[in-house]
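Engineer: Questions regarding the structure given below will be posed in turn.
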Amino acid sequence: MESERELLSVEENPRKGGLRTMPFIIVNESFERVASFGLQANLIIYLMTYYNMSAATGTSILGIWTALSNGLALFGAVTADFYLGRYRAVAYGSISTLIGMIILWLTSMIPQLKSLPCSQFQHACNGPTLLQLAVLFSSFGFMSVGAGFVRPCSIIFGADQLENRKNKRILESYFNWYYASSGISTILAVTLIVYIQDLYGWKVGFGVPTILMFLSVLMFQIGSPLYIKVKAKTTENLVIGLFQAAVAAFRKRNTRLPLTDCDEFYRWPLESEVFTPSKDFRFLNRACIIEDPQRDLNPDGSASNPWNLCSVEQVESLKALIKALPMWSTCFMIFVDMNVFSFSLLQTKTMDRHIFPHFEVPAASFSVFMITALTIWIAFYDRVLVPLLSKYTGQPRGLSPVTRMGIGLISSGMSIALSAITESIRRQRAIEEGLEEDPNALVNMSAMWFVPQYALLGVAEATHGVGQVEFFYALFPKSMSSISSSMYTVGTAVSSLIGSILVSGVDWLSSTGGKTSWLSSNINKGHIDYFFWLLSFLSFLNFLYFLVVCRFYETENDEMSRSPHVADEEECDYRLLHES
């Protein structure tokens, strides 16, 4: 169809795209990950030390920053699909991230941009000035805008280079290996970059990620002549079209739906492959019913008022989004669990982190165990489990995306429960050793106790993250491909916001009446273990909700058919949700 060809039109050159573009795209993403995560790993310590913030305040600010970065993914996806195209979106986003990193680097270089350090004689430390906060938050802002463009578009931009290849296995493996390369990059960030920060200080520690980000931008631009650049569809804004479909359905809520599926009742563009709307969510079909051809249609067949009459494609796109929302909402809790990393950092700083007598693991590097588990699991699943499981399940990817999402939720809940148990033991030992008043003193306990929960959290992210990306990529129409990718990042944004509200709420409620907050900066006097048990309980409730949502999809499966312009039926594990 013409509209689809317009959206997917590319430069017709057989030398463009393919595996030759992967080094530039993967290196760009890898350097960006090393730079971004290298900055974030120790940032709570930077805020507490140089901006005199409490642990709860710093965690809340970092949570809001994460929420903004991931929330802007929806804006970036829409802008890429309908205005810039994915190539320019990734390019502009990378430059914006570089600018933000340069500003943050300057805060470590210029003393006037940081708060005065607290002395041991001060009862209350001097807080940051408005100018200092403005500079700090501007750096976060630029990096958030950059992440909003890069995160939803980079992975799909890579898929654009491979989508026309005959071997579908290459495209299927691409998602897993992209995720694995991101994991390896994060390992380097939380080991090498964190080690540099601890050894050489923040000036060098922030400067190295900034240089890597510059190389990321440069590498992406070098590969520009080889890329397939899918053109943006500028004739119609999908997001506005979704709103138009919702408004039209509401305006015509009293219109009677036809008893038959005759085409003449509905408006459909001549170039569309969709002739009649699907039967699920039939109340939305009113949006594309022609009540009066003389009034509703222009002489050329277009709608005279798009807020009163929509195409079938607009209605079906809205239905696809609605179908995705219940499953999407089940992902929030797993990311809330992952966002408590700042408190885990404070815990490991008070423990023995030696692996060998003369080698101590930096506290911020303990997330390497999570990333290592993530990377190993993805490789093991893709190369070992998929061939074995596919023989028994009949699915090309071994397990359905929904089944993998469920495994991820279970693993996440188990991880946070283990964290609660470990913190209870650590806190009790600190009190027994007389360290309750000294949050910086080392407890006679190995930090290796945290390795199992970090590993479980890595498996949780690997199974849930890849499953969710595949689920939404298969569910949404081709015209919504970047939006399907942004569902994951927007979900993490909502989770970060929920996590920040939860941290602030628990800090406030637990400190009422002059009591010590559960989330006190002095973790020996606080009760982080209580907070972890709360998260564990919420994770359990979320898993029960997930099971209810799976049942809903199983019940509605026969009626919830996808429109023809979506991926082939075998790509979508939607009909196989019974296995979950």
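From the backbone N, Cα and C atoms, a Cβ is placed for every residue, glycine too.
Remember, it's a predicted structure, so these values are computed and weren't measured experimentally.
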Engineer: Could you tell me which of the ranges 59-78, 239-258, 459-478 is annotated in TrEMBL as transmembrane segment?
Structural biologist: 59-78
Engineer: Determine whether the transmembrane segment (401-421) and the transmembrane segment (177-196) share at least three Cβ pairs under 8 Å, counting only pairs 6 or more apart in sequence.
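Structural biologist: Between the transmembrane segment (177-196) and the transmembrane segment (401-421), which are separate recorded stretches, there is no contact, as judged by 3 or more close Cβ pairs.
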Engineer: Quick test of the contact rule: Cβ under 8 Å, at least six residues beyond the ends. What residues does that give for the transmembrane segment (130-157)?
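Structural biologist: Cβ under 8 Å, 6 or more out: 25, 28-29, 32, 36, 51, 65, 68-77, 79-80, 86-87, 89-90, 92-101, 103-104, 106-107, 112-115, 175, 178, 227, 469, 481-483, 485-486, 489.
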Engineer: In the same chain, who gets a Cβ under 8 Å from the transmembrane segment (202-222) while lying at least 6 residues past its ends?
Structural biologist: 24-25, 27-32, 34-36, 38-39, 42, 46, 50, 90-91, 94-95, 97-98, 101-102, 104-105, 108-109, 189, 193-194, 196
Engineer: Is the transmembrane segment (358-381) packed against any residues at least 6 beyond its ends, judged by a Cβ distance under 8 Å, and which are they?
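Structural biologist: Long-range Cβ neighbours of the transmembrane segment (358-381): 41-42, 45, 176-177, 179-180, 183-184, 186-187, 190-191, 194-195, 197-198, 341, 344-345, 348-349, 398, 447, 450-451, 454-459, 461-463, 466.
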